[in-house]
Amino acid sequence: MLGLVVCGGSRHAGAARRAGDPGSAAEAVAGLCRRRREHLCPMPRCSLYSLCLLLCVLLPLYNNASEPEGPAPDPAHYSFSLTLIDALDTLLILGNVTEFQRVVDVLQESVDFDIDVNASVFETNIRVVGGLLSAHLLSKKAGVEVEAGWPCSGPLLRMAEEAARKLLPAFQTPTGMPYGTVNLMHGVNPGETPVTCTAGIGTFIVEFATLSSLTGDPVFEDVARRALKGLWKSRSDIGLVGNHIDVVTGKWVAQDAGIGAGVDSYFEYLVKGAILLQDKELMSMFLEYNKAIRNYTRFDDWYLWVQMYKGTVSMPVFQSLEAYWPGLQSLIGDIDNAMRTFLNYYTVWKQFGGLPEFYNIPQGYTVEKREGYPLRPELIESAMYLYQATGDPTLLELGRDAVESIEKISKVDCGFATIKDLRDHKLDNRMESFFLAETVKYLYLLFDPNNFIHNNGSTFDAVITPYGECILGAGGYVFNTEAHPIDPAALHCCRKQKEEQWEVEDLMREFYSLKRSRKSTFRKTAAGPGLWETPTAGKDASALENQKVMNIKKDSRRGVPLLRCPSQPFTSKLALLGQVFLDSP
Amino acid sequence: MSLCGGRGGGSGDQDGGEGGEGSEGSGGSGGGSSSPAPTGPAGLLCQRLRGASLMARRRPELLCGVVAVGCALLLALKFTCSRAKDVIIPAKPPVNFFSSRSPVLDLFQGQLDYAEYIRRDSEVVLLFFYAPWCGQSIAAKGEIEQVANRLADQVLFVAINCWWNQGKCRKQKHFFYFPVIYLYHRSFGPIEYKGPLRAVYIEKFVRQVMMPLLYIPSRSELLDFLSNYEPGVLGYFEFSGSPQPPGYLTFFTSALHSLKKDYLGTLRFGVITNKHLAKLVSLVHSGSVYLHRHFNTSLVFPREVMNYTAENIYKWALENREMLVQWLRPHGGKSLLLNNELKKGPALFLFIPFNPLAESHPLLDEITEVALEYNNCNKSQVVEQLLQHLRHVDSSTLDSLVSNPPIQLAESSSITESPCCNTVVLPQWHSISRTHNVCELCINQSTGIKPSKVNVPQCSFFEIAAALDSFYLKERTFYQVTSDSIECSNFLSFYSPFSYYTACCRTMNRGLMSFTNSEEDIFQSPPIALSSHEKKCEVDNPTSVPHIEESLPLFPDVDINSTSITGLSCRTNKTLNLYLLDSNLFWLYAERLGASSSTQVKEFAAIVDVKEESHYILDPTQALVKPTLESFIQNFSVLYSPLKRHLIGSDTVHFPSQHIISEVTTDTFWEVVLRKQDVLLLYYARWCGFCASLNHVFIQLARLLPPDKFTVARIDIGQNDLPWEFMVDHLPTILFFPGNRKDLSVKFPEDSAITLPNLLKFILRYSDPISTGGSSADPQTKERLQNEAVLQKGHIAHLEKEIHKLRAEITTLHQAQAQVESQLSDARRDKHRLQKQKQTLEKQHSVLQLHSEQLEALYEQKTRELEEMAAKLQELADASENLLTENALLKILVATMEGKLENEESEKSNTLRETLSHETEIQSRDNTKLATNMSSPMASEQNNENRTD
């Protein structure tokens, strides 16, 4: 009833688009962007519209089929609050502060995790824990009254912690790798299958490390790291991981290796974890995988599926979920490869107006039973990252195409329906949670270069906490795999602040007094190079750990700094509008 | 009901439907108490719901409740309609894509068969296959319409929806992208158009399909045809005999064929019918085909070797053609076009605004001229002839404007100017780590209006001063002059739009600088250069001004040895390939090479050398005309090139409001880095994840350090080029430039974590105390004291800031304390309450226990009683059993007795029987008495138990 009332008002004639704009493609797309932004929030009472969208998620009845890494079907009320949490920070990024505040209130009153529900550990983590954490960290920006200990405490953080604690029983396995499903009230069910997909094991470090840093309880980060180590040990001789593994025995059940469904966010979290935590170990793991992926799965800038032990091609398909890869590559500075792969994927989009779940590359067509496009965000996500890097109007063109597809194909009276079959654009009666949480968000961010999320460090907030002063909101947000942004500065604020503060104070005293005292000692310090480096290794908490990794990897990567991006080659200036350059021979 | 009506009336102004219902309701109440019962509850429910939604609209905090209601409704819906699980909506049926008034015929249901049918009636047809959801199709729609509006009378435009899966088109065709544009020339086709989706380009192509052959009637048009920058194929056919000479059709088809293969239309096809004209290109026989080449010998199609087919002609021409200048038109998809072209060697990119439909392209002709000269190594006669023709064309088309072709003038002019000049030595402060520059600065007041009156025997002091000012403003232009050659450059005077200054700079050794009198020696050669330069400029002005925009009053500068570039391509080891790009389409590349994004005239030239990883640009303030282009090419080709690698910097320097970290660009790099203080420079890029996540560390650092003594700066290396020596391989990289010794920059070690303490240690390690700056042996005590005082002041400021922060911290701590205390008191209250509850519970517990004990006792008592009863019952049962057996015995006895007595006393039998029956009756009555005695206590006990329960 409410949904219909609200949506009746929101229906508006699709803004007539004059394509004959004589300006350049970029101008046309920029104009489009402005109109799009209005379109996504068409009414003055946008709040109701967004709520309408939320309700629409449930209107298409819950369908438990088809999602590759899919969750077990949860009761409707659980899924409802899940969607509410999931779409929360989208509201803020779209600039709707009042609605954000209201939903925060609703959540605090209504959400209860002490329910008898079998929930997917992976989904609960990325949507609920991730969504609550990002909402917690953004709540000050949204004008929510925060308590004194923020960002290291707060009601949403406590909710996230509560939700995460419900997941901890799943990690009690011999290998440290978690079960796929857990009952929120009773823990792991007795007859639970021990087979979990790779992504379901390696997709915790961003949320759990954030949680550990903010709350000070290391248990979350520890279990996440243990799970990652479990996977790292299980990789094949040629350095690949399969699709599903038995978490009790550590044996691979599905041995297809690739970068798509079932594996995707594992690689994503290795990189994002490395960025978020400035962690060399995670990065060295990723670089090893990256090498194997390039060697065995890459063909003409496509990434295929191979047998994880032999490296032989098992499925020459491109999956819609794989489209996150260019974005990930651009984060670590591999922009030319990213662009080449992106352009490949874009041709698929142009063929169908969306990305089919599976696309057979040699045949150039969809794969039987995998023709759907549930409005997934991955390609748009990559476009957003790449547009930040290159400013190539081709990427805005993808954005335009996505907006056209979403509006022309999937828009129904109330919400945006999943495309059931890309060949004829049949629609399914459902709208996925990630459409609001991710697709809309990334699309908006692609067209909005001045969004606070894109802050490059030119503005920031100085927040006084009981533990000292923190610099927050300085940009560099790390998105979890469900597009919930995490501010790396907040982690630093709650984790390091206390130890660091006094050290910094001592150094500052030296900075001022040194001028006199050092006159005598200067020669000495100059004589001993590396004098200041020795205390560094000792002081830094993770340094020991890092050194260990470095020792292991010493032979393979000497002199290549791990946590650095390579600077771009000269040809990158001209690598625009579809032009790509091969590595110079 | 009346309430319902009242509310309905109240909300009537909001919504038409509600108002109507409301009036209905009030009408019902007005009708009296006999309102129909069944509609009552339903109406009330509806009213409540509406009320709720209204409330929600007015008071948003109630939305939560509404959400709950909605949720409940949805849940209900879910259970009721769970059969509707697999609802699949078919795609929307196709609708018109073009408007009905459009000249384009829109077959939005994909009627391909109909398209084929109507295609037969037209000579030239354009088929536009689209998908309604495709952004590119939507964008191209307007362009197609534009073309159709101009050509609708000659060409049939048909748009076909090739997506709808019920349509014929979708069933027959399989496209990988949209839109697809097919052209048909009668039966020949399809010719796919793959060029830019712009109306002018499409129209040009359609016109080419309409007329694939160019008819050449005269000598001048033949020269036109041959002197074009694109290769041309000529066919000679005599139309005198037959209406269609043999081979003509094949030639015609091969022209269409080339359009099919080469959408750029670079191969042009011409037809000669005149015998005399044909002789000029040494064609004698009708039906022969000729491929013109500028530098190699031109070819005639070898009929003896190859079959005379359309395909062969095209192939032959394609294989043997000679590319003078090549258009680059990236199609937007993934392509290696630039990669392949740039790998061939240094490339000169010329960005010009190009209208394919325009009759003449003067700029393009000039470029062709340059290209011809540049490649004309063996001074071939044909090329000379064509060049002559090109110049002639210039003068004939621009007759009214151009008096003399430029080249001739360059030789003939003999006006010598003695401009007023002044020698300027660049000040020392901007020549760090380089040799000094000396510039000859001249004032030229030559204008386009009065070129002959330029006559400045002496110049006023004011003019020289103004020129000097202007020169210093421009000094960046001369900043990087380091080579030995003399580089001249013009720049605009701010005082008059028509006058300009010329500065010719050269570099000298320090040693030479000491001789202040040596200027004459140094400038021994320049005077010649300058004079030659001057006369060139003077005479060039009138020729070049007319077809440059008026907003460009600057004049080309020409290198000293402006002999000519004829055949330069063979004399240099840095041979350039020339490329044209349409700046209407690809200005973005120009911007990436350093052109301005907001410029009016979109003309730009750049030399890109991928091997050297450098590029050079023609000064954007100079017009792109032949002389500038020639000197640009020459400057690139000479051994010690005066061209400097162009560094691109972001011009939009947005200093953040919180001005803490200096944002450095290419232009401000030296200024910031060479500040007389310690500078910490961070190299970053927007896209690098590792950089962005460290923003907060640098902000903290910048806030800690005193801004007047220490600069924390950063440079976005993705948008700002730097000289090689300052480039870095990885990001983020941190360089430290100590205040007093800028040449000793230090790099933050890459393997240590970038944290605040580490950065501070790094700075402390390498920063130099200010007081020891210069490490003078005897530091003046006063200065030292002053420095110390400054330091102390800084320290005090820092400490004050810290104290401030600590105060703020204390307040937050207080807040937190208050929060914790309130939580604590809450907890205590809770605890107290819980304890109370516990006590009451315990009390209740004890009472209950007592009660249960009592009950237990009662229970035991009752069980005991029950047992007793049971025992009694047992006794009674035994007794009754005895009695029963006795009874049975008696019956048997009676029976036997009866048997006996029957025979003995038949007469007396009646009386005896009576007595016997009496006895048995008494016995049975006894039995029943016993039974009632037994059941009564049991019933009473049951009653008791009922009560206790």
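Note: Cβ is positioned from N, Cα and C throughout, glycine not excepted.
Around A:GLU123 (active site, proton donor), a 10 Å sphere centred on its CB holds 24 further CB atoms from the protein chains shown. Feature annotation from TrEMBL assigns active site, proton donor to A:GLU123 (among others).
The C-beta environment of A:ASP264 (active site), restricted to residues of the same chain at least 6 apart in sequence and closer than 8 Å, consists of A:ALA199, A:LEU321, A:GLU322, A:TYR324, A:THR481. The feature active site is assigned by TrEMBL to A:ASP264 (among others).
Secondary structure at A:GLU357 (active site, proton donor), taken from DSSP and collapsed to helix, strand or coil, is coil. Per TrEMBL, the feature active site, proton donor maps to A:GLU357 (among others).
According to TrEMBL, the active site annotation covers A:GLU378 (among others). On its own chain, A:GLU378 (active site) has A:SER320, A:LEU321, A:GLU322, A:ALA323, A:TYR324, A:GLY327, A:LEU355 as residues at least 6 apart in sequence with a Cβ closer than 8 Å to its own Cβ.
Feature annotation from TrEMBL assigns Ca(2+) binding site to A:THR481.
Separating the Cα atoms of A:GLU357 (active site, proton donor) and A:GLU123 (active site, proton donor) is a whole-number distance of 19 Å.
Of all the Cβ atoms in the protein chains shown, 25 others lie within 10 Å of the Cβ of A:THR481 (Ca(2+) binding site). In the three-state DSSP classification, A:ASP264 (active site) falls within a helix.
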